[in-house]
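For Gly33, Gly34, His35, Asp53, Phe79, Asp100, Gln107, the entry in Swiss-Prot reads S-adenosyl-L-methionine binding site, with the evidence type sequence analysis.
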Amino acid sequence: MEFKHISVLLEETIDSLNIKEDGVYVDCTLGGGGHSKEILKKLSHKGKLIGIDQDTSAIKAAKERLKDYENVIYVHNNFYNIDSILEELDIDKVDGIIMDLGVSSYQLDEASRGFSYMKDAPLDMRMNREENFSAYNVVNSYEEEELFRIFKNYGEEKFSRKIARFIVEKRTENPIETTGELVEIIRKAIPAKFQREGHPAKRTFQAIRIEVNKELQILNKAIEDSVNRLNKDGRLSIITFHSLEDRIVKVKFKELEKPCTCPPSFPICVCGKEPQIKIITKKPIEPSKEEKEINSRSRSAKLRVCRKI
């Protein structure tokens, strides 16, 4: 299956990076190479792009899309490791970093990946298929209380308790092996009148995907490490697709902009924590009405940008 992914907030993201033609840039979520190609168009032969992705299918697709460019380094890894990746490449500082945290259209559309609640497939949801831990393990081995926790915290699911109970009851008969089986369990757990608000499995699938790929833990550390690797005036641009991610980015940016932990009553700062960034986007940038109409998957996207000081 061809790797297809429509880059969200493409123009806004590229503009936010304030690209220098001889700069060094990192695309932490290479995907099909949409954002990367626009960055490369603005670079001279002295500039450089590092493209990171944990999905080998994405890297293969990006290499094909970017085959006309020689100043690209491809890295099969998780952007959680951005610090060690740059260390291994002997790159100290960079001028801009982008993270697009959405699941690609390819991953959603390829049924065998198990990300979609619209297609029956094995329970998988691994971004990196070289990892062993998958959605199957979460659904079939987590205790009821643990399932409740992730559905509530990562999916903000109103019926987390009931869904967790129904899953545990069902798997005592036989292991739950497919997305279709899981969707049916969720449908039975959620009252019919609440199933009119979008697909009933959406929040639960989001929660399981986040748990399988440790997405929220990765994001916090990656933001800190990325800021540390930016040159002065370098930009970090992050696109999120749900409120949990957006909240993490918003809070972390605020912590890095105003890190002082001194009590308000102190006349001067004595903690010694200096601001590291300036937030560029006081409110997140959202897709235009036109983009939302063209690409429905862009509707929940938000872009936040900061500048290293």
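For all residues, glycine too, the Cβ spot is worked out from N, Cα and C.
Here Gly33 (S-adenosyl-L-methionine binding site) comes close to Asp27, Gly51, Ala61, Ala62, Arg65, Leu66: these same-chain residues lie at least six apart in sequence, with C-beta atoms under 8 angstroms from its C-beta. Counted over every protein chain shown, other Cβ atoms within 10 Å are most numerous around His35 among the binding-site residues Gly34, His35, Phe79. The number of other Cβ atoms within 10 Å of the Cβ belonging to Asp100 (S-adenosyl-L-methionine binding site), over all protein chains shown, comes to 25.
Counting only same-chain residues six or more apart in sequence, the Cβ atoms lying under 8 angstroms from the Cβ of Asp53 (S-adenosyl-L-methionine binding site) belong to Thr29, Leu30, Gly31, Ile59, Ala62, Val75, His76.
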